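Let me begin by handing over the structure; questions about it come next.
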Amino acid sequence: MMGHVYVFDHPLIQHKLTYIRDKRTGTKEFRELVEEVSALMAYEITRDMPLEEVTVETPVAPAKCKVLSGKKLGLVPILRAGLGMVDGILRLIPTAKVGHLGLYRDPETLEPVQYYSKMPSDIGERELIVIDPMLATGGSAAAALRILKEMGARNMKLMCLIAAPEGIERVHREHDDVDIYVAAVDEKLNEKSYIVPGLGDAGDRLFGTK
Ligand code: URA
């Protein structure tokens, strides 16, 4: 099996992503746009959710209708930039549980190390959407997926705003069971592992730090 990459080319997503990339976009607008794009991506990513039939009484007659068949979702933002996408997704899927995963890069080994995690107790039964807005080298996303598998996760999707080819390759080399959902695949990484052209540092732009 090989994981797939799905690029969401919906015009609204692409339009908003352009303003997210623009360096003139300030923190408030950046955050709002990331939330909006995340909601639109959630709409696309949930396209395959199973439905079941129920009957309701309309004022006129009984109607056979569909409701979501109770598949349990979990969102797992990788701290800190992943937080910026959570509220937009929760707007569409308000009952999803949210687990948090904090990773930092060890300055010597350059490997991602977990410093925080708090997950729903039943992650093994949930479909998890792991959220990492910038898939650059893929190091932290691949580590997050490995850590979550060790915790019992079995069914995961990776959701990013922008990916570099290097990040996609790394995630799929280590996790060929995980599909990746992105708004754009950019050209490359620069010498500081920033995505080119990308949008800069997603965490700094979301939270106004630098
Ligand atoms: N993380 C970011 O926030 N931006 C990049 O370009 C790469 C990693």
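Here the Cβ of each residue, glycine as well, is placed from N, Cα and C on the backbone.
I grabbed these lines from TrEMBL:
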- Arg80, Arg105, Asp132, Pro133, Met134, Leu135, Ala136, Thr137, Gly138, Gly139, Ser140, Asp201: 5-phospho-alpha-D-ribose 1-diphosphate binding site (BINDING)
- Ile195, Gly200, Asp201, Ala202: uracil binding site (BINDING)
- 7-209: domain 'Phosphoribosyltransferase' (DOMAIN)
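Quick one: where do these features end up spatially?
The secondary structure of Ala136 (5-phospho-alpha-D-ribose 1-diphosphate binding site), as reduced to three states from DSSP, is coil rather than helix or strand. A simple way to gauge crowding: the CB of Ala136 (5-phospho-alpha-D-ribose 1-diphosphate binding site) has 24 other CB atoms within 10 angstroms, across all the protein chains here.
Taking a C-beta cut-off of under 8 Å and a sequence gap of six or more, Asp201 (uracil binding site) has these contacts in its own chain: Tyr194, Lys210. For the recorded site, Asp201 (uracil binding site), the DSSP three-state label reads coil.
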Taking only same-chain residues 6+ apart in sequence, whose CB is under 8 Å from that of Arg80 (5-phospho-alpha-D-ribose 1-diphosphate binding site), what do you get?
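Long-range Cβ contacts: Gly102, Gly203, Leu206, Phe207.
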Using Cβ-Cβ distances, find the residues under 8 Å from Ile195 (uracil binding site) that belong to the same chain and are at least 6 apart in sequence, listing them in sequence order.
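The answer is Met134, Leu135, Ala136, Ile162, Ala163, Ala164, Asp186, Lys188, Leu189.
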Other than Ile195, Gly200, Asp201, Ala202, which residues of the same chain sit close to uracil? List them in sequence order, counting a residue when its Cβ is within 8 Å of the Cβ centroid of the site.
Ala81, Met134, Tyr194, Gly198, Leu199, Gly203, Asp204, Arg205
Could you tell me the mean pLDDT the prediction assigns to the domain 'Phosphoribosyltransferase' (7-209)?
96
Can you count the other CB atoms that lie within 10 A of the CB of Ala202 (uracil binding site)?
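Excluding its own Cβ, the number within 10 Å is 25.
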